[in-house]
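What TrEMBL says about this protein:
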type     : residues  : note
DOMAIN   : B:91-298  : domain 'Cytochrome c assembly protein'
DOMAIN   : B:317-628 : domain 'Cytochrome c-type biogenesis protein CcmF C-terminal'
TRANSMEM : B:40-64   : transmembrane segment
TRANSMEM : B:123-145 : transmembrane segment
TRANSMEM : B:179-199 : transmembrane segment
TRANSMEM : B:211-231 : transmembrane segment
TRANSMEM : B:275-294 : transmembrane segment
TRANSMEM : B:314-333 : transmembrane segment
TRANSMEM : B:354-375 : transmembrane segment
TRANSMEM : B:395-412 : transmembrane segment
TRANSMEM : B:424-443 : transmembrane segment
TRANSMEM : B:449-469 : transmembrane segment
TRANSMEM : B:481-504 : transmembrane segment
TRANSMEM : B:609-631 : transmembrane segment
Amino acid sequence: MMRRVLLVALVFAAPLAAQDAVPPAEYAYRQLPDARAEAEAHALMTTLRCLVCQGQSIADSDAALAGDMRSLVRQRIAAGETPDQVRAWLVDRYGDWVSYDPPLTPATWPLWAAPIALLGLGGWLAARKLRRKRSGTGDGE
Amino acid sequence: MIAETGLLLLWLAAALAVLQALAGFAGLSRRGEYVAISPAARPLAVLQGLLCLAAFGCLIALFLRTDLSVLLVADNSHSAKPWLFKFAGAWGNHEGSMLLWLTILGLGSIGVALFERQLAPRIVSATLGAQAVLALGFYAFLLFASNPFARLSPAPPEGAGLNPLLQDPGLAFHPPTLYLGYVGLSVAFSFAVGAMLAGDANRAFARAMRPSVLIAWVFLTLGITAGSYWAYYELGWGGWWFWDPVENASLMPWLAATALLHSVSVTANRDGLRAWTIMLALVAFSMSMIGTFIVRSGLLTSVHSFAVDPTRGVFILVLLALYIGGALALFGARIGKVASGATFAPVSREGALVMNNLLLSVILAIVLIGTFYPIAAEALGYRLSVGPPYFNRAAGPIALGLVALLFVGPLLRWRRDRLARLPVIAWMMLAIAGVGAIALVVLVPRSAILPALGLALGGGLAIASLLPLTRRSLRRTPATTWAMVIAHFGVAVALIGMASNAAFTEERLIALRAGETTTVGPWQVELTAIDPVVGPNWTAIEGGLVARYDGGAPTTLHPQLRAFTTPPTETSEAALLTRWKGQLYAVLGQPTSEGRWQLRLWWKPFVTLIWLGGILIALGGALSLVARIGLLRRARHYVRQVMP
C-alpha cells in the first residue's frame, strides 16, 4: 500500500524532477557505441517493465526511473553480461513483476501450455464435428 | 437547467426501455395472447434511442459552455480549452463515456427497429427486448452509480482541465469510433438471444445479423487502427502496439467479431455452423463488455483504484455476470432446439472458414488468458507481468498460420473441393514465402524469425490474395468478392508494415548543439534552432530540424516539448516526416548540462503500411456492407414483382 503511494508520487514527480538539477543517468538517452551490444540491450529493454508507469516497457517511457533502468541495462551489457544475466539480476531485485517475459515455473506453466493445449483441443473438437457430420449424412449428394 | 433536463431525459429513456423489453418479449408468449402488443417494441425502441441521444446532446452542451456547476465538467474541463477538446471532453471521462456507450446502444435499437423488415416479427421483437434489457442495466449503472449530470455547489471558479495526452484531435474520433464497434456488436448479441428465445436460427437470421456485424467490425477495425497511430505519434517512442491491457481489451472483441464475420457468412450462404455463429455473437459482445468495463474500472491496471470506489466495480461485475452468464445459460438451454444446419466436407470453403475460426478463437483465448493471468496470479500472492514476449511468441505463430491459410482458403469452393484443383500459383506463392523466410533468417545476420516469416508471408499473400479475381471477367466479379480481396490484401499490407518496422527500424539517440548534424539510416539530420512557442493552453520549446535523405533536398521538422499548465504536465510532440519508403520520427528531449539537446530519431521503413493495411481491411468491410444491403434491396424488389 505504502509502496504504491510512493510509486504514484514518483510518476508525478518525474517530469518536474527532470527539469531540476538531477541529470538523467549516463546511458538513459545514449546508445552504446557497439551496434551489436546496443541491439542486444534494446531487445532486452523492450521486455522489461517500467515500474512506475502504466503498462509500458522501459524502452517506451520518459519516466526518470525508466531512464535509470535503461542506463543500467546498457552499462551491464557493455560490461559483458548476457541479456539473461541482466534480466536475472533485475528479477532478483524487483521480482518477476519487472520482466514482461514470464519465466517457466510451476505457477506459469498453464500460461505457457495454453496455446498448444487450446490448439489441440480446438483441432480435436473441429475434427470430431466434421467426422460426425460426414458419417451422419453419408454420400447423399 | 440543461443538466436537469438531461437527467430527466435519461430517466424517461430508462422507463421506455422497460416498456420496450415488455413489448419485445410479449411476442414470445406461449398461447400468443400478448402478441398484439409486440409491434409496439419498434416505436418504443426508436423513442428510447432518441431520448438517450438527446441526453447525450445535453452533456455536450454543458461541456461546450463549460458549466462549472456540473461536477463532471468542473473535474474534466477548463474554460481555456480549444472548443474541439471541450466537445470531445464530454466523453473523455468515465460518466460521459458511459453515456456515449448507452447512446450507441440506443442507435443500435433504432437501426434494428427501422431497417429489419425481412426477419420473422417474433425474432425482431425478441431482439429489441434483449437490446432493452442490455440498455436497462447500463441505465441503472449510470443513474445510480455514475450520474453525469450531478451538480457541484458552490461552483469552482475554474475547471481542473483535461489530461494533456488526451488533448489531441484523436480524442474526438477515436473513442466514438471504437464504441460504435464495441456496442455495435450488442446488436449481434441481441439477435442471437432473440433467435434462441424464438427457437429459430436459420439463414434469414444470419442474413439479418450480418450487416450489424459488418458495421461494428468496420468501426472496430478503424478504431483500433486510428488508436494505434495515435499512440504511435503521441507517446513519442515510436511503438505502435504495446500489448497492454487496454489495447488487448479492444483486440479481443475484434478477434471475436472477425471470427463471427466469417462464420456468419457460412450460416448465411450455406446454412451451416448455426450454433457456432450464435455462440460467437454472444462471445463477441461479451468481450466488448469485459474489455470496456473491467479495464476502464481500473481492475486490470491497478487493483488499488478498484478499491477506491467499490460500488462501481461491484455494480459492473454483477452486471457482466448477469448478462454473460444469462446469455450462456440460455445458449445451454436452447441450443438443442436450433436444428443443426447443412453439412460439408473438410476440404471446402466451409472447412477453411472453420480453420479460420479455430485459429482466431485460439488467438482470442491466448490474449484473454495473457491479459488476465497476472490478476489471477496476484490473487494467489504471486506478482508477474505478461507482455510482448509472451504474446508475440504465443499468438504470433498462430497468426502467421492464419495468414498461410489465407493463400488457399478463399479459392476453395463451397461444400466440397479438391486441393489439387487449386491454381498452382497459390501453392507456388506459399512455397516461395516459406523458402524466402528461411533465406532471410539464414542470410541476414541477427534477424528474428517472426519478422522474417512476416515479410515473406506478407509478400506472398499480397499476390495470393488477388487470385480470387483471376479466371473470371473483372467486370462481372461480384462486389462482395472485391470486398474480400481488398480486406485480405490489406492483411498482407499491414503484415509487411509490421515485419518491416520490426526488422529494419534504425534508432539514433543523441545530444546535439544547434548547428550539429547526425545520421539515422539514410537520413542526415541537422539541429538548426531551438525556439519557444506559445499555444492556446500550453507553452513549448520547439526544435528546428533539417533532414536530408541521402544528401538530397532539405525538409524541416519541428518536434516540441510542451508544458501544459492545467493540469501541469509535460508532453513531447513528435515530428513525423512521411515518405513512401517509410517515416522519419523525431522527438525533442531535455536539455543536457553542456547546453546540448537530447534528440531521439527513428527511421522506420514502410511503417505506414501497418495503418494503410488497417484502412484497406476496413474498406473491404465497408464495400461488403454496401454490396450486401444493395443485394438485399434487389432481392426484395424481385420478390415483390414475382409475388404481388
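Keep in mind that glycine also has a Cβ here, set from the backbone N, Cα and C atoms.
Within the chain carrying the transmembrane segment (B:609-631), a Cβ under 8 angstroms from the stretch's Cβ atoms is held by residues 210-211, 214-215, 217-218, 221-222, 224-225, 228-229, 240, 261, 478-480, 482-498, 500-501, all 6 or more beyond its ends. Within the same chain, the transmembrane segment (B:314-333) packs against the transmembrane segment (B:275-294): three or more Cβ pairs sit under 8 Å, each pair at least 6 residues apart.
Within the chain, the transmembrane segment (B:395-412) has long-range Cβ neighbours (under 8 A, six or more residues past its boundaries) at 347-349, 351-353, 355-356, 359-360, 362-363, 366-367, 419, 422-423, 426-427, 429-430, 433, 450, 453-454, 457-458, 460-461, 464-465, 467-468, 484-485, 488, 491-492, 495.
Among residues of the same chain six or more beyond the transmembrane segment (B:424-443), those with a C-beta under 8 A of the stretch's C-beta atoms are 404, 407-408, 411, 449, 452-453, 455-457, 459-461, 463-464, 467.
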